[in-house]
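According to TrEMBL, the features are:
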type: DOMAIN; residues: 1-235; note: domain 'Deacetylase sirtuin-type'
type: ACT_SITE; residues: His106; note: active site, proton acceptor
type: BINDING; residues: Cys114, Cys117, Cys135, Cys138; note: Zn(2+) binding site
Amino acid sequence: MPQMILLTGSGISADSGLDTFRSSGGQSLWALYDADVVCNYEVWEENFELVHEFYSKRRVELAGVEPNAAHKMAAEWQKRYGAELITQNVDDLFERAGARDVVHVHGRLTGLRCLSCEAQWDWGYRPFNPAEHRCPCCGGLHEVKPDVVFFGERAPLYQRLWERLDSLSHEDLLMIIGTSGNVLPIAGIARHTRAVTVLSNLEPEPTIPENYFDHVIHGRAAELAPRLDELVKKILD
Ligand SMILES: [Zn+2]
C-alpha cells in the first residue's frame with residue numbers, strides 16, 4: 001500500500017481562528033508580545049515570567065477553538081491510508097479531530113518540560129503560575145519550560161521528518177498544507193522527494209517555487225478539504 005505523509009503548518013489552524021506568528025495583527029497575542037523575547041531559547045530564562053504568561057494565554061486561546069474540516073480530513077486520511085501526520089503546529093487540533101501519534105516537530109502547547117531533570121508532562125490548557133507550580137519530578141521551577149521548540153533551540157524530531165521523507169517512493173504521496181516555507185525548507189523537500197507532491201496554501205508564498213509540486217491548490221484549508229480528498233483518492237486509491 002502506498003504511504004502518505006501529511007506535513008502541515010499554521011495555515012491549517014488559522015482556519016480554526018488561531019493566530020499565527022506571521023499573520024497576526026490587532027489584538028493577536030503575537031502582536032502583544034515580542035516573539036524575540038518570549039520564543040527565544042537564548043533569553044527565555046531571563047524572561048521566565050513573561051514567557052509563561054504568554055504561553056499560558058496561548059493555552060487558554062487554544063482551549064477556545066475547535067478543529068476544522070481540514071483537521072478532520074487529516075484524521076480520516078490516517079484511518080483510511082495510515083497517513084503519518086507531521087506538523088509544525090504546537091496546537092492539539094489534529095488530536096481533537098481524532099488523529100493519533102501526531103509528530104509535533106515544534107513541540108506541544110499543552111505540554112511542559114523541565115530542562116533540569118528532563119521530565120515532560122501534560123499540562124492541558126491551564127495557566128502555569130510560577131508562584132505555585134513546580135516540576136513534578138525534581139520540584140524545580142526555573143528550568144520549567146513550555147514544551148515548544150523556541151527560536152534557536154534544537155528540534156530533535158526533524159531527524160524523524162527527514163528519515164520519513166527519505167523513505168517515500170514514486171508511488172507515495174507527500175501533501176503539504178498551510179506552511180510558508182520560512183522555517184522548513186519546503187522548496188527543497190518538494191524538489192528532492194520521489195513521492196507525488198501536493199501543495200495547498202492560502203496563496204502563493206515567495207519562498208516556495210510551485211513548479212516543484214505535481215499539484216497546487218490555493219485557498220483556505222478548511223474549505224478545500226473535500227477537493228483535497230478527491231485528489232488524494234485519485235492518487236492513492
Ligand atoms: Zn525537573
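The count begins at 1 with the first shown residue.
Cβ coordinates are placed from backbone N, Cα and C, and glycine is handled just like the others.
All TrEMBL annotations are machine predictions without curation.
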Around the Cβ of Cys117 (Zn(2+) binding site), the count of other Cβ atoms that are within 10 Å: 13
Nearest by CA distance to the residue listed as 'active site, proton acceptor': which of the binding-site residues is it, out of Cys114, Cys117, Cys135, Cys138? Cys114
Taking 10 A as the limit, how many CB atoms besides its own sit near the CB of Cys135 (Zn(2+) binding site)? 19
Setting Cys114, Cys117, Cys135, Cys138 aside, what same-chain residues sit with their Cβ within 8 Å of the center of the Cβ atoms that define the Zn(2+) site, listed in sequence order? Ser116, Glu118, Ala119, Pro136, Cys137, Gly139, Gly140, Glu143, Val144
Give the number of CB atoms, excluding that of His106 (active site, proton acceptor) itself, located within 10 Å of its CB. 21
When a 10 Å sphere is centred on the Cβ of Cys114 (Zn(2+) binding site), how many other Cβ atoms does it contain? 22
